[in-house]
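Listed in Swiss-Prot for this protein:
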type: REGION; residues: 1-105; note: region 'N-domain'
type: BINDING; residues: 34, 87, 170, 172; note: Mg(2+) 1 binding site
type: BINDING; residues: 47, 71, 170, 243, 245; note: DNA binding site
type: BINDING; residues: 191, 193, 245; note: Mg(2+) 2 binding site
type: REGION; residues: 351-359; note: region 'Interaction with PCNA'
type: REGION; residues: 360-389; note: region 'Disordered'
type: COMPBIAS; residues: 362-376; note: compositional bias 'Basic and acidic residues'
type: COMPBIAS; residues: 377-389; note: compositional bias 'Basic residues'
């Protein structure tokens, strides 16, 4: 879910930190991708014309594999070197959010049964059609990625020669730390809390389908801190105040109020102190609000040491891909072999240095110094050499 209202707040207060881009602009870049988030997207979005998930002749869901195979090929075709990072065990602090998601899923399942009955009882017409569309919409709310689908995705990526990392906890935190350590250029996730973990660059919409025509959003963390005039620690406090997956926020505090409070007080401790000194005010701090525990988790997440992550891109196992995708999962052999050929082609291509690696922006001080030197010499006659006798 990420941080409530953060993207809109950044667009308003530090627009220089965000820019829209095309996938081709990241050629030559290594990117750590939140695999768990991507799989969830694929299971929801990769569907048949009637809205049902893709399945093989045995009735096994293949939406996750179809999405993973073709979206990864698209990135590789554009010169991107992806690293997929998978979730480990969720942190204890996230249990409340997971319970809420389970409750919403159960409510959606009940609604689906009601709507299906409505479709069965109704006559052909606009109302029945709308009810069927509602069934599809609510079914998407019940989607979850199973452990088996996770394992199949890992197997597919390994056969494709794409490196994977299994995080001990949150995938987006591991992605952020790989980027922070310089192992990759950016972290790619839809979760804005990736920024809290310190990723220098966050890419959103990277794994969306080309048909959506959704530009990739590139978010620069240093420019966020500069635009908001905050430290990393203060930014984390702001995000906790906005609301995240690990704790509820203070009721009545929206994005603008959260920013105002942080500007005025500078930390959550001082904000809590301010609110508690004004018991007659509108704002009330939740009982046993675990903001300090959440802050500690965001500042020091449970991740693998980046130096221990062995990230290597290998040749695809063509026959292994055919066995798995064609014989086991019912994919088209021609398409799978064509995809493997695309992977092999990119493995053989020698990486080209990016132009932005050749040029360095000169600091303003240099320009100022030159101007000052020009003023000193202005009006002076050039020195002349004496003629040799």
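Glycine is no exception: its Cβ is also placed from the backbone N, Cα and C atoms.
DSSP assigns residue 87 (Mg(2+) 1 binding site) to coil, not to a helix or a strand. In this structure, the C-alpha atom of residue 172 (Mg(2+) 1 binding site) lies 8 angstrom from that of residue 193 (Mg(2+) 2 binding site). DSSP assigns residue 71 (DNA binding site) to a helical segment in the three-state reduction. Reduced to three states, the DSSP call for residue 193 (Mg(2+) 2 binding site) is helix. Sparsest Cβ environment among the binding-site residues 34, 87, 170, 172, 193 (other Cβ atoms counted within 10 Å): 87. Closest to residue 87 (Mg(2+) 1 binding site) by Cα-Cα distance, out of the binding-site residues 71, 193, 243, is 193. What surrounds the Mg(2+) 1 site, by Cβ distance within 8 Å of the Cβ centroid and not counting 34, 87, 170, 172, is the set 36, 37, 85, 167, 171, 173, 174, 175, 189, 191, 194 from the same chain. With every protein chain in view, the residue among the binding-site residues 191, 245 whose Cβ has the most Cβ partners within 10 Å turns out to be 191.
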